[in-house]
Each structure stands twice: as C-alpha cells, then as structure tokens.
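Quick notes on the structure that follows.
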Amino acid sequence: MIRGWIAELALMEPEDFDDRERIGLLRADEELKSALCASQARVTVAFDASQRRAQETAQALEDARIAADQLADQRGRELAEPDPVARKLAKQLADKRAAKLADSIGCQIALARHESPTNGNKLLGLAKILLTEMPHTFTALATGRLNEYRAILLVRETAFLSLEDRQAVDTELAADTGAMNAMGYRQVTAEAKRIAYRLDPASVVARNTKAVNDRHVSLRPAPDAMVRLSALLPVAEGVAVYGSLSREADTLRASGDRRGRGQIMADTLIHRLTGTPCGITGIEIQLVMTDRTLFQGDSEPAHITGYGIFPAQQARTLVHYQGNGNSGGAGLKNGISADTDNGLAAALEDPGFRVWIRRLYTAPTTGQLVAMDSTRRLFPSGLRRFIIARDQTCRTPYCDAPIRHIDHIIPHHNKHKDRNNRASRLENDGSGSGVTSELNGQGLCERCNYRKESPGWTSTPQLRTPTREGPEPRHTVEITTPLGNVYTSTAPALPGTKRVGADPRSLPRTVNA
C-alpha cells in the first residue's frame, strides 16, 4: 500500500495545480509525514516486542539446561538457597544478553530507516515512550497536528519526570486544545520546561546537576578546509572560558592588532591549549592522492584522513616542500604564502613545529588503495593506518561515527574452524578464516564492532573481480542481519575513482532467510 503511494507521488506534477492547491498540497504532505512517523513508531514497538518474545523463547531452553547442570554440579548437597555468587553471575549474564538484544534491535531499525545505529536506538526509545507514556503527543503526531521533531522535544524535556508528571505535561500541551498552535521549536521547548519546573522543581535541579557528567569536546569537519571544535560545559565554566577569550581579544584589538575579534579568540584558544602559536606540533597527516595530482598538476582533489576532500593545489603544497631538515617527512614552512595568518606563520618559526605527510596512492579508475597483509592476529600500525585511510568512518551503513576499532570482518577465532566452510575457501584471497589482511579488515566505531558479534549477525568481505575500468573494485562488505536482510557497505570513493552514475555507500536488499 505505502509503496503504491510512493509510486503515485513520484508521478504527481505540481504544474497541474494552481497556487492555492499547491499550498494545500504542501500542508497535506506535511500531515502525511507526521502520520507516517506515527506509523513507524507503531511498527517499531511491535518489532521490538516480537524480537524480545523470540529471544525469551530461545533463551528459556538454554536457561533450563544451565540450571540442570548447576543442580547436578552440587553433587547432592542440600542448599536452602541458590549460591549467591552463581545468582549474581546469572544476573550479569542476563543483563549483558538484554543489552546485546536491545542494540541488535536498534541497529536493525536504523538500517531499515537509513539511520545510524545510535539514532536507531533513540528512535526505538522515542516510539516506546510515545505509545506507552504520552498518548496525547502520539495522537497529535498520528493526526498530523504535530511533527516528529516537536514530539522529540516533548519527550526529551520530560525524560526526567515521573510517569504521572510526564503525562500531565502531555495532557496540558499535546491534548487537542490548541496549546501548541503556531509555536516554534524554541517555544515548545521553553513551555515544556516551564511546566516541568512547576510540577517538579527538584527533578529539574537534579537533571541540571547530572548534566555535568555529559560534558565533552567534539570535532566535526566544516567547509573550506576548516573544522568545528565544540565543547559542552557547565554554564559557569563555559561563560568563564568565553569571557577570558573575549577579554584577550578586546585587549589586543585596543593595542592595534588588526585581526578580527573572532580570529584573535580562536588563535588564543589554540595557543593556550597547545603551548605553540598555532598549536601544530608533532602530528602526522595521511594524504591520499593520485600520482597525476602530485606529479602532473591534475585537479583531482586529495583526501586527508579524518577530514575529507582537500584541494589539489594545497595537497601539492603539503608534499612538495621539504622543511625543517626532516628526511622522513615534508614540512610546510616554505609552502606558505605571504598572506598566511600570523598565527600559522609564527608556528612555522617555532623549533618544535613538525608535520609529517604520509603519502598514500590509489589505483587508476577504481580508487582502491594498495593492499597490505599481516601474519599476526592484531593489526600492525601500518595496516591500521591503511584501513583508516581507506574506510574514513565506521563502515556500518549510515553510521558516520569516527573509527575506534580496526577488526577482522570474519573473526580471527574462525581461523581454525572447518576448512570446508565458505570462509576457508576465501582464505587464498586474503579474506577468509579470520586472517589479518586488508581485505578481511574494516574500521568500525566501538558500538558497531561489539554488535557484529551478537547472535544472528554476520559480515563477509566480497571477493574482487577485475573489470574493464580497473583491476578490482573498492573494498566491499556484505552484512546480514538476524532476519536475513542483507546490506552492502562499499569503501568511500578516494581520489582517482572513476565516477559512473550514483555512488551510494550502502545498497540494502532482502534475502529470503
């Protein structure tokens, strides 16, 4: 039914309507989106319940077997109560099993919705709360009076309240009274906070105190060869940090510094944290580029591991000039123009300034990095760097979290299993039986690496077949979920890749399991 709607909507021509009808159509589309979000919530909760019932059924027999073994091990001893140590271990095992199941369910939801595993678990939690604790919010979503993001805001701002108080907020704001009519996102958040504080001020204070534990620093790529460094801090400390940087900027501006106020604050932050004028010392940059870009002046951009696309001319500047007398790397000093910012220029004069460029080359047309192998169980540092440069972010489809683990696709403990299985037949290609190789290695975030060991999940590296465009395609992994849904994850395109049509990172398909 829904796929039929998709097909019909794809054929709809807006030119067939007048402007009044187009506005009405936009409103109807928005209400339909909200109703579909409510439908997804229902399906999500039903899927979660079904998976948990199946797990409980499968585990019941195993628990009975373990209990029988424990009774037999008592050798006829009469115990009034179960062994407390065994009881504690059993609870820990059950908790671990439940956590693995929850993560597996969340990841399957994420893959189906083209979301990251982290968002999949958040969507599962949202759906459960809407259906079981906030009926008015759910009804407003299902009838198109509320969009999904406003529902998320209401759930988030009531997360610390008791069930009774949460439902009071739900009734006051989301019941069909028009309380949220024309409210923007900030107004919805502020109103939910106001009501929550009126109902339970102590919980609001406790929540603010607990939030201190969530303080952190994060780094995200930004346009134009920049990054965004962010810090989530308690309000007093955050205001103090900003005030200190602001005062320094005002002082330097008053003394004639021609840099902008924001530039001075950024440079001061770098200097105070790193101790050098521009904060660059003893780092290594992995620069992936084609030989044409380096030697022939080609415009094909390079790729810097941990950042992304980097202009060809600037990439050549990084590797062309040898500086600071280091034969093992390339310096930047002689490659900086006269217009360079004062902070970087000062850093280049610092005797402790060192940047090493590790150059990695890609095969023509395919963009495939040159392969590497190891006979060891653990991935050596060179192979780890190689895989990080190849994969860039977590290889689970739709997950763009930073790589934390480099691990075997086919587990290393499979190495001594039956040599007639498929993994063993792949061994000669460097992918099977848990060998430590480029083909059998992948970069994953911590969460996804642990989840792939959960029951029912399998990953298999795909053999590479030479094509007309090049010797072999980019590295590809086939991921199978417990329900038999199969997703493929192909390593991102690197410099030198021949573009043919769309190049999605992951293409899902369903296999009858």
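Don't overthink the numbers, they just go from 1 along the chain as shown.
Yeah, the Cβs are placed from backbone N, Cα and C, and that goes for glycine too.
According to TrEMBL, the feature domain 'HNH nuclease' maps to 382-450.
Taken from TrEMBL, the feature region 'Disordered' applies to 413-438 (among others).
Taken from TrEMBL, the feature region 'Disordered' applies to 453-513 (among others).
The compositional bias 'Polar residues' annotation in TrEMBL covers 456-465 (among others).
What TrEMBL lists as compositional bias 'Basic and acidic residues' is 466-477.
Taken from TrEMBL, the feature compositional bias 'Polar residues' applies to 478-491 (among others).
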> Can you count helix, strand and coil residues in the compositional bias 'Polar residues' (456-465) using DSSP?
Replying inline: 0 helix, 4 strand, 6 coil
>> With helix taken as DSSP H, G or I, strand as E or B and everything else coil, how many residues of the compositional bias 'Polar residues' (478-491) land in each class?
In response: 0 helix, 9 strand, 5 coil
> Taking the domain 'HNH nuclease' (382-450) alone, what is its mean pLDDT?
Replying inline: 77
